[in-house]
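Taken from Swiss-Prot, the feature Zn(2+) binding site covers CYS16, CYS19, CYS38, CYS41. Under the heading ATP binding site, Swiss-Prot lists PRO122, THR123, GLY124, SER125, GLY126, LYS127, THR128, LEU129, citing sequence analysis as support. Annotated domain 'ClpX-type ZB' per Swiss-Prot: 4-57, in sequence order.
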Amino acid sequence: MTDSTGKGDDGKLLYCSFCGKSQHEVRKLIAGPSVFICDECVDLCNDIIREEVQEDTSETDGERLPKPNEIKDTLDEYVIGQERAKKVLAVAVYNHYKRLRSGGKGRDEVELGKSNILLIGPTGSGKTLLAETLARMLNVPFTIADATTLTEAGYVGEDVENIIQKLLQKCDYDVDKAQRGIVYIDEIDKISRKSDNPSITRDVSGEGVQQALLKLIEGTVASVPPQGGRKHPQQEFLQVDTSNMLFICGGAFAGLDKVIRERSEKGGIGFSAEVKSKDNTRNLGELLVDVEPEDLVKYGLIPEFIGRLPVIATLEELSEDALIQILTEPRNALTKQYARLFEMEGVELDFREDALKAIANKAMVRKTGARGLRSILESVLLDTMYQVPSMESVAKVVIDSPTIKGESEPLLIYENNEQSSKVAPD
């Protein structure tokens, strides 16, 4: 027993068996069989238990891993077309995070390897959007890196470890969260080797970057300066293990179709050689589906780098019909976004069918894919968005094909049902 002076029955001062503080330094000291614990240590134990319970529940109930068909259904809400690519991604991502849940091993202690992903498709076909949607759905940290800015360590440019630093920034430098994140490296085709033959000159932004990315993608412990500081010898670094990060590399790979066509049309020599006729009817998407590792090597990626990206998903060039769907159908479709902006002004925005066709046709001519749709709409709606907030009684803005082609201005309809002349450009 303890008395009011903080001493035991024998008059000795009592101390917490865990932190060593005396009873005078804490509010309460709880006695057990030959041990004591203070209120501060009890609070600390409660915090530790609470954190562990939260982690356990988030692993099981709170964050159930969606099945491949559920992942694809979510991708369908945001990305039009690209059915095969969405299936490939759904299965690869499901298997990756299933591997993490199992601790990297199967029931019979078989070690499960990591399957990073290579996305090949034309500009504006949805590569970046697919990666962003996956990360948002799985609620994991996500960052985009541009391969064209990367150089080997020691040269002017970004080190590959800067990619991990960006990911850490996205999750407030929570290393555990970052180690389960997704990294999307765009323009990966721009770091292809400049020629098939190894050169004696240093290729610091091509093959050199591929070599630097090898370990990072496969899995290594990267040393990252805390809070985005610059590296210097006396500094303490954050140690980040990339073994459980999912790396998705994407690129347009312009000219890869020619490499595939050359390989597929190459015939043998002699009487028994198979004669292959030239097939010029296959479009870009059909050709890219047949891509083989040897085609990527010929394009300029080193074999070791290709080996770290075992899952290859190819995206098709978007048709005019697909671009029209992209304008109207996804949850965050562009026409819905601009309609919402006008709605905030109390004005309805109406796109006629012929306007949607004209927008899609313009994007096809520019060869910018879905990425070019927003710039077309911004250009068309600029004067209207500038003037309408200052105008009174405007109820509706109508966009038709002549408006998109620049032949006329958007039609304004007022609350008293009068049709305005068109918006006058400044």
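One is the number of the first residue shown, and numbering goes on along the chain from there.
In case you wondered, yes, glycine gets a Cβ from its N, Cα and C as well.
Quantities reported herein were computed from a predicted structural model and do not represent experimental measurements.
Taking the Cα of THR123 (ATP binding site) as the reference point, the closest of the binding-site residues CYS16, CYS19, CYS38, CYS41 is CYS41. If you measure from the Cα atom of CYS19 (Zn(2+) binding site) to that of THR128 (ATP binding site), you get 52 Å. Across the binding-site residues listed here (GLY124, GLY126), the residue whose Cβ sits among the most other Cβ atoms within 10 Å is GLY126. The Cβ neighbour count for THR128 (ATP binding site), using a 10 Å radius over every protein chain in view, is 16. For LEU129 (ATP binding site), the spatially nearest entry among the binding-site residues CYS16, CYS38, CYS41 is CYS41, judged by CA separation.
Across the structure, PRO122 (ATP binding site) and CYS16 (Zn(2+) binding site) are spaced 67 Å apart at their Cα atoms. Put simply, LYS127 is the one of the binding-site residues GLY124, SER125, GLY126, LYS127 whose Cα lies nearest to the Cα of CYS16 (Zn(2+) binding site). Here the binding-site residues are THR123, SER125, and the one with the most other Cβ atoms within 10 Å of its Cβ is SER125.
By a simple count of nearby Cβ atoms, those within 10 Å, the most crowded of the binding-site residues CYS38, CYS41, LEU129 is CYS38. Under DSSP, LYS127 (ATP binding site) is assigned to a helix (H, G or I) in the three-state scheme. Listed in sequence order, the binding-site residues from SER125, LYS127, THR128 having a Cα within 10 Å of the Cα of CYS41 (Zn(2+) binding site) amount to none. SER125 (ATP binding site) sits 62 Å from CYS38 (Zn(2+) binding site), counting Cα to Cα. A Cβ within 8 Å of the Cβ centre of CYS16, CYS19, CYS38, CYS41, the residues given for Zn(2+), is found for these other residues of the same chain: SER17, PHE18, GLY20, LYS21, VAL26, LEU29, PHE36, ILE37, ASP39, GLU40, VAL42. Surrounding the centroid of the Cβ atoms of PRO122, THR123, GLY124, SER125, GLY126, LYS127, THR128, LEU129, where the record places ATP, the chain contributes additional residues within 8 Å, namely GLY121, GLY250, LEU315, GLY369, ALA370, ARG371. Under DSSP, CYS41 (Zn(2+) binding site) is assigned to a helix (H, G or I) in the three-state scheme.
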